[in-house]
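Visitor: Input: one structure, supplied below.
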Amino acid sequence: MKEKIQKKLSDSKAARWTALFIVSFTMMCGYFLTDVMSPLENLLTTKGKVVYFTDDTSMPADTLVAKVRLFSAANMLSEPDLTVEKLGAGAKMQYQEQVNGQQVTVEKTISSVARGEGWSSTEYGFFSGAYGLINVFLLMLFFGGVILDKMGIRFTGTMSSGLMLVGALIKWYALSTDFGDAQLFGMNMQVALASVGFAIFGMGAEITGITVSKVIVKWFAGKELALAMGLQVAMARIGTALALAVSLPVARMMGNVSYPVLFGAIVLCTGFVSYLVYCMMDRKEDASAEAVRMESGQEKEEGFKMSDLKQIFCSRGFWLINLLCLMFYAGVFPFLKFATKLMIYKYDVPESFAGLIPALLPFGTILLTPVFGSLYDRIGRGATLMIIGSFMLTAVHVLFALPVMNYWWFAVVVMIVLGIAFSLVPSAMWPSVPKIIPMKQLGSAYAIIFYIQNIGLTTVPWLIGWVIEHFATLRNEAGVITGYDYTAPMVIFAIFGVCAIVIAMLLRAEDAKKHYGLEEANMKK
Ligand SMILES: N[C@@H](Cc1c[nH]cn1)C(=O)NCC(=O)O
C-alpha cells in the first residue's frame, strides 16, 4: 500500500493565495486610514466654515456672507437674512466679483458646506508625522519585531490590528469634538489628541506590516514570493487610492472632516475580523508543517534569540536596504500628505478634483507592483530596478519644483511617472530582504527597516509643514494667505531622491561582492 506523503498547507496553491488575500485585506484597511486625512489638508488648515459651489469653486463662508451683504447694499436690495450658520446646500448666492479688471455679478449655487478646523501648516505637518511617533521615540517598532519573532504571527497580528482600531477611534473622537481653546501638551487639544490617536494607529499599522511580511515569506518562500509581496502592496495601494479619492467628497457631503475617519474605523473592524480568520489558517499551516517535519525526521528549527540581532546588525547589505528605504519612502509617503494642496495651489486644480491626481499614484502601482514583482521572480535584476526607481523619483520631484509648466495635465503625467517609481522600488526591495537575512530573524529585520523608515515618515512631514508655513506661504500686506510657492518643499523631496540613487548603487555593488543574489531570479526552476 502506498503511504500518504504529508504536505504542508502552503504547498496548496489555493490555500496560500487565500492566506495572502486575507492578510492583504487587513493591510489594505490600514492603508486606507493612514492616508484618509491627506486630501483634507486644505480644509483642516482653513478657519471656519467653507462653502463649496456646484461649479467646483469654494470660498470661506464668512467671505461669502460679506460679499452677498455688500451686493445687496450696493443694489439697494433689502438686507439679506443671511448668516454663516444659515448657509446650506442648494441655496443660490449673488455677489460681485472682479473678472479681468471688471466688476461682474455672479450667481452660484451652494453644493455643500464643511467646517474647517483652523490648523496651521505646522500643526498639520506635526499631525501627519505623528504616525511614527510611538514607533520611533518609544522604539515600539523595534520591540514589535522582537515580539513577532518571540510570540509568533497570530498573537502579534491580532494585537497590532486591534491597536490600529483603537488609534482610529481616538482620532475620530478628536476630530468630531469641538474642544474650543483647550490645550494638551501645550498644543491645540484637537491636534494633540488626533496625533495621539494617529500615533497609536501607526504603531499598530507598522507592526501589522512586519507581521504580514513575515506571513508572506512563511507561505511563499521558494515559490512566487515577489509576486505575492507585489500583490499585497498592490492591495494596500487600493486602500491609499480610495482614501485619496473619497475622503474629501465624504467630508464635504457630511460637513465635517471626522466622517472619513469614522468610515475608515468601520473598515478597520472588518480588517481586524479578517485577521482572526487568517489565524485559523495559520494554526493549520503550523500543524501541517510539524507533521511534515516529524515524517522527514528533520530537527526542529531553533527559535529566535536576542543574540541573532548581532548577525542582522553586522550586515552591510542590510544597512544599505535600510537607508534606501528611509530615503525613498521619505520622498513618497510624506509627499502624498501635501500633494493635494500642491495640486490646488500650483496646478490650479479645483479642490474637488485635486485629491484625484495624487490618487493616480497608488492606482498606477496596483497593476505595476505585481508586474515588476513577477519580473523580479522570473528574471531577477532587483538592485537595478531599485536604481531605476530612485532616478525616476528624483526626476519627478525636480519637475514638481520647477516654476514652469503649471498645467494640471503636466501634474498628471509626472504623477504617473512617480507611480512607476513607486512600483519599481517596493516590488524589488521587500523581496530582497529574505535574500540577505534568514527566516528566523526576518521579523526583527523588517522591524528595524520599518523603524528607520518611520524616522523619515515622522520627521519629514514635520519639516515640510514647517517649511511650507515659513518659506512657502505667500501673504498680502494684511497678512492674509494668498497662495503657496512649493519650490522649497519640492527641492527637499528631490534631495531624498538623490540620496536614494547613491544608496541603491552602493547596494548593487555590495551585492556583486557578497553574492546576496539580488540580481538573480527568486523562483527556483
Ligand atoms: N512601513 C510601511 C509604511 C506605510 C505607509 N503607509 C502605510 N504604511 C511600508 O513601508 N509599507 C510598504 C509599502 O511599500 O507600502
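Heads up, residue numbers simply count up from 1 along the chain you see.
Glycine is treated like the rest: Cβ placed from N, Cα and C.
Automated prediction, rather than curation, is the source of TrEMBL annotations.
Per TrEMBL, the features are:
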type     : residues : note
TRANSMEM : 14-33    : transmembrane segment
TRANSMEM : 124-148  : transmembrane segment
TRANSMEM : 155-175  : transmembrane segment
TRANSMEM : 187-213  : transmembrane segment
TRANSMEM : 225-251  : transmembrane segment
TRANSMEM : 257-278  : transmembrane segment
TRANSMEM : 317-336  : transmembrane segment
DOMAIN   : 317-525  : domain 'Major facilitator superfamily (MFS) profile'
TRANSMEM : 356-376  : transmembrane segment
TRANSMEM : 383-402  : transmembrane segment
TRANSMEM : 408-433  : transmembrane segment
TRANSMEM : 445-468  : transmembrane segment
TRANSMEM : 488-507  : transmembrane segment
Visitor: Cβ under 8 Å to the transmembrane segment (225-251), counting only same-chain residues 6 or more beyond its ends: which ones?
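Guide: For the transmembrane segment (225-251), the far contacts come to 16, 20-21, 23-25, 27-40, 43, 114, 212-213, 216-217, 219, 257, 259-260, 263-264, 336, 340, 351-352, 354-356, 358-359, 361-363, 365-367, 369-374, 376-377, 426-428, 430-431, 434, 522.
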Visitor: Which one, 14-33, 317-336, 356-376, 408-433, 488-507, has the most C-beta pairs under 8 Å toward the transmembrane segment (445-468)?
Guide: 317-336
Visitor: Cβ under 8 Å to the transmembrane segment (124-148), counting only same-chain residues 6 or more beyond its ends: which ones?
Guide: 34, 37-38, 41, 44-45, 155-156, 159-160, 187, 191, 194-196, 198-203, 205-207, 210-211, 214, 304, 306, 334, 337, 443-448, 450-451, 454-455, 457-466, 468-469
Visitor: Among the recorded stretches 155-175, 356-376, 383-402, which has the greatest number of Cβ pairs closer than 8 Å to the transmembrane segment (408-433)?
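Guide: It is 356-376 that shares the most Cβ pairs under 8 Å with the transmembrane segment (408-433).
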Visitor: Might you confirm whether the transmembrane segment (257-278) is in contact with the transmembrane segment (155-175), defined here as three or more C-beta pairs under 8 A between residues 6 or more apart in sequence?
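Guide: Stretch pair touches.
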Visitor: Do the transmembrane segment (488-507) and the transmembrane segment (356-376) come close, with at least three CB pairs under 8 A (pairs 6 or more apart in sequence)?
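Guide: As far as Cβ distances go (cut-off 8 Å, pairs 6 or more apart), the transmembrane segment (488-507) and the transmembrane segment (356-376) do not touch.
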